[in-house]
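**Q** Before we start, here is the structure in question, set down as structure tokens.
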Amino acid sequence: MTEKLPLALFLMGPTASGKTDLAIRLRQKYPVEIISVDSALIYKDMDIGTAKPDAGELALAPHRLIDILDPSEAYSAADFRRDAISEMNKIVAEGKIPLLVGGTMLYYKALLEGLSPLPAADQEIRKQIEAESIEQGWQALHDQLREIDPVSAERIHPNDPQRLSRALEVYRISGKTLTELTQTKGDSLPFRVKQFAIAPKERKELHRRIELRFEKMIEAGFEDEMKALYAREDLHPELPSIRCVGYRQMWDYLDGNCDLDEAVFRGVCATRQLAKRQITWLRSWDDLTWLDSENIEQALETLSDAIASD
């Protein structure tokens, strides 16, 4: 008889949809342990602008995979998959259920489907590409990518240096294009996954929550948090940490490119766009149960039933 795979729960959703509150309430009721699935919460010293759970919330419900990196460091979907599976196995060994909570859809996809066998980052080649970008401009590098990998060039915008650099780096390391390599899937996830997504039914309610959240961030000292990061000589706006929504716009403000009101406006707009992308991902997601942000009791009951019926 085949041994039953361990249960894991995914709680996905757009930014500001109430995922964290729901996860904390579920943990108070059931033996679940929370793993964060968020490419911004991984960074230390980035608490306010990421809406990281506060000390009180973390005391009630510790989150794994937050505050694990300095903002100067990069973290890939492959890094996340390795770390998340390690934490999931530890949680199961403790006799508990992994509850993965967040909105970084690429991380969930990597976890479920595995990853293509892409080469590890090569700092020397990255520096070489960065030097070329300064000398020739990103458009010239995009033209280069179009010649070797037109499919990736169609997908990657010339103003997206992070992805453009990675596509060129992969080719220079391996001699194969990103398109070739991503057609090969990795290992699937050795868990039985029940997947849920939470969001308000009305888009205007999500927009209201996003605006309110940004206002609260400013009141809580987001500008001072940003100034501390801006003062560091090892940080710059091309880093994944500073490219996070909100941080990118506040960096522009500190650079003198706009005033604070404009930075807040841009930050809210960028957050709305992020939420729209997250919802687009989720609408095409298979085997997903939707929960209503405005009916937390019902959402909690649905999650409770999923655990109790297993």
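Including glycine, each Cβ sits where the backbone N, Cα and C put it.
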**Q** Check each of the ranges 132-136, 162-166, 202-206, 237-241 against Swiss-Prot and return the one annotated as region 'Interaction with substrate tRNA'.
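**A** Based on what Swiss-Prot states, region 'Interaction with substrate tRNA' spans 162-166.
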**Q** Looking at 63-68, 243-248, 255-260, 285-290, which stretch does Swiss-Prot describe as region 'Interaction with substrate tRNA'?
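**A** Within the set 63-68, 243-248, 255-260, 285-290, Swiss-Prot attaches region 'Interaction with substrate tRNA' to 243-248.
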**Q** Which range, 38-41, 78-81, 150-153, 178-181, does Swiss-Prot list as region 'Interaction with substrate tRNA'?
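**A** Region 'Interaction with substrate tRNA', as annotated by Swiss-Prot, spans 38-41.
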**Q** What are the DSSP helix, strand and coil residue counts for the region 'Interaction with substrate tRNA' (243-248)?
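**A** Secondary-structure breakdown of the region 'Interaction with substrate tRNA' (243-248): 2 helix, 0 strand, 4 coil.
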**Q** Hey, which bits of the same chain come close to the region 'Interaction with substrate tRNA' (276-283), Cβ under 8 Å, at least six residues off its ends?
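**A** 12-15, 103, 105, 197, 199.
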**Q** Let me know the model's mean pLDDT on the region 'Interaction with substrate tRNA' (162-166).
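**A** Computed over the region 'Interaction with substrate tRNA' (162-166), the mean pLDDT is 92 on the 0 to 100 scale.
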**Q** In the same chain, which residue numbers or ranges, 6 or more beyond the ends of the region 'Interaction with substrate tRNA' (243-248), come under 8 angstroms Cβ to Cβ?
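**A** Distant Cβ neighbours of the region 'Interaction with substrate tRNA' (243-248) are 15, 39-40, 43, 46, 49-50, 162, 214, 217, 222, 226, 229, 237, 267, 270-271, 274.
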